[in-house]
């Protein structure tokens with residue numbers, strides 16, 4: 001029985017093992033079948049975050065990534081059922097079916113007596129009607145899209161394995177041709193549509209693109225024309241050709257961004273305008289700037305074309321165009337637009353990648369637009385990068401043009417000036433990018449701050465997050481702040497215009513740390529020092545309030561950077577008069593008004609500059625109409641209306657230049673020997689008729705008559721227009737000289753008007769700050785005039801009149817300041833008089849108290865003579881006069897009087913009576929009159945006084961300390977009534 005049981009038990013165990021193995025095999029098979037979907041053999045892999053799913057075009061994480069090693073398709077785990085059949089497996093199945101079909105056909109031909117051609121087609125292929133019913137109409141097939149292609153397995157899946165092989169082959173060939181035809185038509189339609197859009201886009205520059213299709217100028221012109229020029233000219237023209245060609249390509253890139261991408265996103269995809277603006281910031285402004293510049297370059301090329309040729313040209317002058325492009329309003333507009341575009345470059349690329357990853361329609365649009373070969377290298381990312389890099393190409397091109405320019409010195413000077421302007425523009429763009437990035441960072445920090453976060457500033461009030469937006473962010477970073485307990489706190493330090501701000505992150509929001517030291521440190525007189533024994537630590541020593549902060553950086557280089565930027569900010573820190581630490585609402589309102597005034601001044605200066613330019617054009621046009629053809633346009637003095645710069649002309653210098661121009665114009669019109677007798681107070685002089693009956697307003701030194709309109713002199717000078725100087729250069733004609741001086745005079749007078757307007761605004765803005773500030777301002781404004789007078793020649797009468805007017809203006813300002821000082825002195829005198837009156841009242845009260853004290857002493861002496869009191873009696877030390885306890889003593893009243901201290905910055909008040917001397921005299925007098933306590937006790941031992949007091953009130957000494965304490969607690973009114981009774985009895 002034991003053997004049977006053991007065999008049975010072994011059989012049962014073996015059956016269990018076989019069952020478990022079978023279950024494991026089934027599970028493995030199910031897992032394998034689960035991965036084997038539509039011919040794909042998927043395996044799990046680990047991918048990066050930027051890998052896209054082939055089915056849904058979304059990013060794949062590491063946990064749900066599957067890959068088919070046969071066709072190299074990477075998809076989500078959830079997208080494997082939506083994927084089409086594996087292409088490699090499909091090709092293998094088609095090959096196997098084709099080979100099997102061929103072998104079957106061969107076997108059939110061997111068994112049959114007739115050939116395949118002789119047999120009916122129905123023996124191998126189905127009938128046409130059956131084929132038509134299976135395949136469906138062509139109209140239904142044409143509706144199939146490229147994305148949803150039909151597979152052979154789906155169509156032939158209704159037939160069993162016994163179906164004819166020819167039928168399956170026909171179905172496979174028909175569906176493959178259908179998919180291929182639809183795919184070809186779709187791609188061709190997309191390419192045609194994109195090419196049509198691009199051709200319409202570049203229709204404006206079609207001829208120009210043909211002219212600049214060659215790689216260089218040497219290949220664009222004729223060979224015979226090329227051989228006529230030297231090697232340096234060829235190199236120069238090659239660089240100029242490259243400048244125009246690259247500018248044309250840049251304009252094409254901007255047109256693609258505006259008309260192709262942006263218009264399509266707005267009209268076809270219906271994206272939000274804010275999203276599209278984030279992708280292409282400032283493209284309209286950039287397109288206008290470079291289109292205008294390209295038009296000027298192409299016009300210069302057309303002017304340089306050789307007669308009878310459309311290809312051969314040599315451009316000799318280009319510096320004037322470059323100067324006009326990279327200076328003035330054009331340079332300011334370029335600086336502003338490129339700064340904004342480049343600062344938002346990274347955000348635009350990030351936004352584009354997000355849209356491309358999550359929006360399938362956006363992907364299809366980008367693929368459709370970039371189908372043509374021309375646009376394959378001009379995607380959205382490539383266009384943004386090309387626009388960013390364009391401004392850096394100008395210095396290289398201009399320097400190469402300057403390197404190969406020899407012969408025309410004026411052209412070299414213009415090119416040198418243009419190169420300097422371009423480099424200055426690049427530095428301004430870099431600074432603008434830095435400021436915009438820091439502004440965006442400051443706005444980000446402001447948005448993350450707790451709205452209720454405030455920190456107290458000693459003597460200033462609470463410092464809130466609104467104060468951050470008033471300032472500019474210079475540098476920021478995370479540091480370690482060592483507290484008084486020796487612990488380190490992670491803080492975000494903001495280096496701003498005039499302060500250092502410490503912030504701490506709490507619950508994903510920034511707050512001011514609540515530590516033992518203020519969180520806002522002023523940069524005024526701030527000292528920064530590195531810690532000697534540590535590579536990452538530094539001390540920040542503040543003057544107001546006196547505190548020392550110990551902070552640590554992440555590395556030694558970071559510490560050096562922090563020390564450098566803090567020291568630079570301390571040197572450029574504004575004063576508290578110009579930039580208060582905490583601004584109230586009234587101060588903010590006044591600051592906004594001042595800013596508006598400055599904007600109005602700038603607008604006025606710009607209008608005056610345009611007015612002077614229009615006047616120059618008008619005078620030039622009138623001179624050409626009068627017969628002065630070929631006359632050059634008068635030039636305006638550069639920098640005339642740049643009143644905000646340090647090198648700007650002051651009002652006095654402008655006035656002197658205007659007077660000098662008037663003198664030159666007078667010498668040109670009436671001759672150097674004529675003195676103008678007209679004065680500002682005499683508008684005109686009577687004209688004296690000469691012998692011929694003509695009037696002559698002026699007479700020369702030798703008595704020769706001249707006219708003021710200059711017709712005689714100018715006509716005479718026109719006949720001698722071929723005059724030359726000592727170097728043989730052609731001199732300007734008197735008419736051109738008069739025109740130039742007239743334009744200069746007009747511009748100088750309007751520049752003087754602009755300078756006076758700005759100076760008045762500045763003076764009114766600085767008026768509440770006191771006379772010292774205004775005196776410094778007036779001194780700074782007149783510094784240029786004083787420097788000009790120091791090295792000037794003897795002053796002319798007109799200049800003396802000008803100086804007299806300026807002195808009168810200054811005298812009026814001084815008189816106004818004197819009246820203000822007098823009013824202030826009167827106010828202070830009134831205040832001193834009130835203080836003297838209060839002092840006299842206190843002296844009178846003191847004298848009254850002294851008289852009362854003297855009377856009380858006499859009464860006490862009289863009482864002491866009547867009835868002496870024992871010296872050890874406690875009530876003998878009671879004050880003599882009860883009223884003295886209810887009234888303030890003279891010295892206490894005097895010491896309690898605190899006169900108001902003079903305010904800071906004002907003069908001290910010299911009072912006629914010295915407090916210390918009066919107090920000292922009063923103490924000496926009281927000491928002499930009252931004497932020592934022993935003398936007072938001796939004086940009080942008068943038997944008469946004691947008898948009177950005994951007869952009136954019959955007081956007895958206390959029998960215990962409790963009675964003595966109770967006697968001391970007698971109210972003041974009772975004591976005063978007793979004192980009055982005693983006084984009445986006495």
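Heads up, residue numbers simply count up from 1 along the chain you see.
Each Cβ is built from the backbone N, Cα and C atoms, and glycine gets one as well.
Looking up the ranges 537-561, 562-586, 587-611, 612-636 in Swiss-Prot, the one annotated as coiled coil turns out to be 587-611. For the ranges 637-659, 660-682, 683-705, the feature annotated in Swiss-Prot as region 'Disordered' maps to 683-705. Among the candidates 203, 309, 896, the residue that Swiss-Prot annotates as phosphoserine is 896. Your range for region 'Interaction with DYNLT1', going by Swiss-Prot and the list 131-161, 162-192, 224-254, is 131-161. Per Swiss-Prot, the annotated phosphoserine among residues 122, 405, 719, 917 corresponds to 122. Within 10 Å of the C-beta atom of residue 353 (N6-acetyllysine) sit 13 other C-beta atoms, taking all shown protein chains into account. Computed over the zinc finger (39-86), the whole-number mean pLDDT of the model equals 72. Secondary structure counts, DSSP: the domain 'PH' (472-571) has 16 helix, 49 strand, 35 coil.
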